[in-house]
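TrEMBL annotations:
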- K115: active site, charge relay system (ACT_SITE)
- S192: active site, charge relay system (ACT_SITE)
- S215: active site, acyl-ester intermediate (ACT_SITE)
- L166, S192, V212, A213, G214, S215: substrate binding site (BINDING)
- 66-545: domain 'Amidase' (DOMAIN)
Amino acid sequence: MSFLSDYLRHKRDCNLKRAERKERISSLGPEYHAALSGKDLDTINKPIAELVSGVQSNAISPISVLQTYGKVAVRAHLKTNCLTEVLISAAEDSLKNSKGVNLQGPLAGIPVSLKDTIIVGGFDTTVGYSSFVGNKAENPQDGPMVRLLKDAGAVPYVKTNLPISLLSYESTNDVWGRCTNPYNKAYSPGGSTGGESALLACGGRIGIGSDVAGSVRVPAHFSGCYSLRCATGRWPKAGILTSMPGQEGVPSVYSPMARTLDDLSYFTKAVIGMKPWKYDHSVHPLAWRDEVVEEFADQERRLRVGVLRTDKVVDPSPACKRALETVEEALRREGHEIVEMEDAPDMFEALRMGALLLNADGGWWFNSYRRFGEWLDSGASLLSFGKWPSIVRYLSYLWIKYIRRDNLWAELVKQTRPISAAENWGEVKKREAYRAEWFEYWNRKQFDVLISPPNALPAIPHDASKDTFSNCGYCFLFNLLDYTAGIIPVTHVDSALDKLPSTFDHKRLNGIATRAYRHYDAERMHGLPVGVQIIGRRLEEEKVLAVMKRVENALGKDKYKLFDPELLNNVVD
C-alpha cells in the first residue's frame with residue numbers, strides 16, 4: 001500500500017502544479033495573450049544597453065518591457081511547453097509598487113528567465129520532482145543569485161523546464177511535461193537547460209542555466225541561441241536546489257544564456273560587475289577585465305586557433321562538421337592561424353573519468369527524490385545500471401568487449417557503478433594529472449582559443465537519450481578541465497548538404513557512435529540549428545566572448561539568422 005499511496009501522491013502533485021501553471025497563465029491580463037505588435041518587436045530587437053538606459057531615464061516603462069517578454073513567454077510555452085513557475089504577476093506587482101528591484105542598476109527592467117533549479121522566494125523549486133512540490137515554504141526568501149539579479153535591476157519573470165536528473169539532453173519530467181524544440185516539435189531543445197533554450201529561441205532575452213556536462217551549451221546548439229560555460233568561481237551558484245548535492249568530481253557551474261551575442265556579453269559583464277563574491281562565498285573576487293576584451297577584440301591581432309575536429313569517439317555528423325568548417329573558413333579569410341589538434345590528449349580518457357566521477361554515487365542521489373512510478377529519462381536510467389548486481393554488470397562488460405569487440409563501449413559500461421571514497425580520490429588524482437597534461441599541451445601549442453563541435457549531432461529526437469547519452473565528449477571535456485567555453489549558432493541542417501554518404505554504415509562504428517548515429521537523419525532534421533563551440537582556458541570569460549564576437553563578424557553574410565517572429569505565428573491560446 002505504501003507504493004500505491006506514494007504513486008497517488010505523485011500523480012496528485014503533478015496535476016496540482018500543472019493546474020497552477022495553467023491558472024497563472026490564464027489569469028494574466030489580455031495584453032499577455034495578444035499577438036506580437038510592432039512595438040513588441042521593437043522591444044525584442046532593441047539593444048539591451050538601449051533598453052536599460054531607457055528604463056533608467058524613465059523613457060521606457062519597465063512594465064511595458066515585462067509585458068512584451070511575458071507575451072513572448074506565454075506564446076513560447078504554448079509552442080514548446082518551456083515554462084515551469086510563472087512569476088509574471090508577482091514581477092508586475094513588484095514593478096508597480098517599486099519594491100525589490102533596483103531600476104537604476106545595470107540590468108534595469110530587463111526580464112530574466114531562470115532554470116527551475118534557482119530559488120525564487122514564494123515559489124516552488126521542484127527541479128521536476130513531485131516530492132519537491134510545496135517546498136516554497138522552506139524558501140520564503142529569494143536565494144542569493146536572485147537577490148543579486150534584483151539588485152542589478154533585473155526582473156525574474158519565469159522559470160524553465162528541465163530533466164530531474166540534470167543529466168540529460170532532454171528536458172522532460174512528470175511534473176511539468178515534455179519541452180520541445182521550437183524548430184521541430186519531434187526533437188529535443190536540449191538538456192538539462194532545455195526550457196531556457198526553447199524560450200530564448202522564441203524571442204526571450206537572457207537567462208541563467210547550469211552546466212555539468214554541456215547543459216547550457218548543448219541546448220544552445222540544439223535550439224539556436226548563445227551560451228557561455230563559465231569557469232568555477234566566476235558566476236554565482238548560491239541559492240539553488242539540485243538533484244545531485246555534494247557532487248564535486250565534475251563541478252556544476254551556473255552560467256548565462258541569451259538570444260544574441262551582444263546580450264550575452266552585456267549580461268555577463270553586468271553580473272560580474274555586481275561583485276557576486278559579496279553574495280556568494282564560492283565566487284572569486286575577480287573583476288571584469290575590459291583590457292582583455294580590448295586585447296582580443298583588436299582587429300589587428302591575428303589569433304592562433306586550435307581546431308578539434310573529432311573527439312575520436314563519435315565523429316561529428318555532416319551538419320556539425322559543415323558548421324565547424326564554416327567558422328574555420330571565416331577565420332582563415334581574416335588571416336588567423338588554424339592549428340590541427342590530432343595530437344591532443346586522449347579525449348576518451350576524459351569521458352571515462354568524467355563519467356565515473358559524475359556518477360560516483362551510482363545515481364543514488366537523483367533517484368532518492370523520485371516517488372514510486374516517477375518517470376526518469378532513458379539516458380539517466382543507464383546510470384542506474386550501477387545498482388545492478390556486480391555479476392550482471394561484469395557479464396555485460398565481457399559480452400560487449402569480447403563478443404561485440406567494442407572496447408570503448410565496454411569501458412563505459414564497466415565504469416557505470418558506484419565507487420568507494422578511495423576510488424573517488426584516485427580518480428580525482430587522475431583528473432588533476434589530466435588537467436596538467438592539457439595545460440602543458442596548450443602552452444606548447446600556444447593557442448589563443450580552440451573551436452570544436454558542441455556535439456556530434458544536432459538536436460536529437462525525443463527519447464533518444466538512451467542512445468546519445470555518452471555522446472557528450474565535445475562539451476564534457478571542458479567541464480572536466482574547467483575551461484571557459486561559449487556557443488554561437490552558425491547554420492541549420494540542410495537535407496541536401498548534410499545527408500550521410502550512401503556508403504555510410506553506422507554498424508561499423510564503435511558502440512557509442514553506432515547508437516548515436518541511429519538518430520541522424522538530415523531530411524528529418526532539416527532546419528534544426530547547428531552551433532560551434534569557442535573554448536578558452538579557466539576564467540577566460542572576457543577572452544572567449546571577445547573571440548565569439550570576432551567569429552560572428554568574420555561570418556559576415558553567413559551569420560546565423562536571429563529570432564524570427566514566424567516561430568510564434570499560428571500559436572493558438
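Cβ atoms here come from the backbone N, Cα and C positions, even for glycine.
This view paints the features noted in TrEMBL onto the structure.
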residue: K115; record: active site, charge relay system; contacts (Cβ under 8 Å, 6+ apart): K159, T160, L162, S192, T193, G195, E196, G207, I208, G209, S210
residue: L166; record: substrate binding site; contacts (Cβ under 8 Å, 6+ apart): T117, V127, S192, S210, V212, S215, T242, S243, M244, S252, F366
residue: A213; record: substrate binding site; contacts (Cβ under 8 Å, 6+ apart): L167, V250, G354, L358, C472, C475, F476, N479
residue: G214; record: substrate binding site; contacts (Cβ under 8 Å, 6+ apart): R229, P454, N455, C472, Y474, C475, F476, N479
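Using a 10 Å radius centred on the Cβ of V212 (substrate binding site) and all shown protein chains, the other Cβ atoms total 23. Apart from the site residues L166, S192, V212, A213, G214, S215, the chain places the Cβ of L167, S168, G191, T193, S210, D211, V216, V218, S252 no farther than 8 Å from the centroid of the site's Cβ atoms, the recorded substrate location. Neighbour density for S192 (active site, charge relay system): within 10 A of its CB lie 36 other CB atoms from the protein chains shown. The maximum pairwise C-alpha distance among L166, S192, V212, A213, G214, S215, the residues recorded as binding substrate, is 11 Å. Around the Cβ of the residue listed as 'active site, acyl-ester intermediate', a 10 Å sphere holds 32 further Cβ atoms from the protein chains shown.
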